[in-house]
């Protein structure tokens with residue numbers, strides 16, 4: 001970490017310490033560019049040192065107006081991956097700081113998230129934790145798992161991640177139902193074979209009643225932040241409780 005700015009060096013701040021590959025990969029990529037320096041600083045120290053940097057990679061830190069007001073030399077706040085839920089974009093704009101949103105489509109982020117959802121679903125259906133215990137006890141054939149074949153999967157929020165998830169669910173033989181606030185013609189036409197039933201947010205509870213598995217793919221904002229509570233309180237009662245899984 002450098003206290004005195006060098007006019008010829010662009011300094012990049014990663015708000016750490018989590019997701020170490022993010023800054024390790026960045027440092028590796030930037031090795032041919034000695035005029036760009038990357039530092040990793042713990043969350044608690046960011047407010048004190050952010051003034052020494054030009055670019056801030058927020059990671060999972062809450063970049064509120066207080067922190068942003070101290071970022072006197074920051075020109076850009078961005079994310080390693082997608083999601084700017086913790087960045088006060090209005091405060092950044094007020095201080096003349098640009099905020100970059102990296103799209104999930106075509107960058108590998110949506111694909112990676114959808115594969116993680118598949119992994120979690122299979123882990124639940126196959127009873128991964130119980131299976132590990134059985135293997136340690138040298139027991140075979142228990143517990144008896146379940147399959148994605150024939151399951152109805154409800155994708156709540158059919159954006160880039162939802163689309164990638166539907167692409168991966170269909171080969172498993174799952175029935176895919178999805179809700180989206182607005183269905184553009186491009187999605188309706190191109191993904192007609194991926195989604196068996198489409199609805200709007202007004203259909204959430206009805207769709208939940210048909211689902212074995214619910215996958216929430218909504219962007220976290222002021223409108224959707226209440227959804228987890230609503231899902232827990234209302235949807236569980238309406239879901240098919242024979243094989244109820246959450247992602």
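Quick reminder: no glycine exception, Cβ is built from N, Cα and C everywhere.
Per TrEMBL, domain 'D-isomer specific 2-hydroxyacid dehydrogenase catalytic' is recorded for 45-111.
Across the range of the domain 'D-isomer specific 2-hydroxyacid dehydrogenase NAD-binding' (119-224), the DSSP-based residue counts are 43 helix, 17 strand, 46 coil. Summarising the annotation, TrEMBL assigns domain 'D-isomer specific 2-hydroxyacid dehydrogenase NAD-binding' to 119-224.
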Worksheet item: How does the model score the domain 'D-isomer specific 2-hydroxyacid dehydrogenase catalytic' (45-111) in terms of mean pLDDT?
Response: 92
Fill in: Counts of helix, strand and coil residues, the domain 'D-isomer specific 2-hydroxyacid dehydrogenase catalytic' (45-111), according to DSSP
22 helix, 10 strand, 35 coil
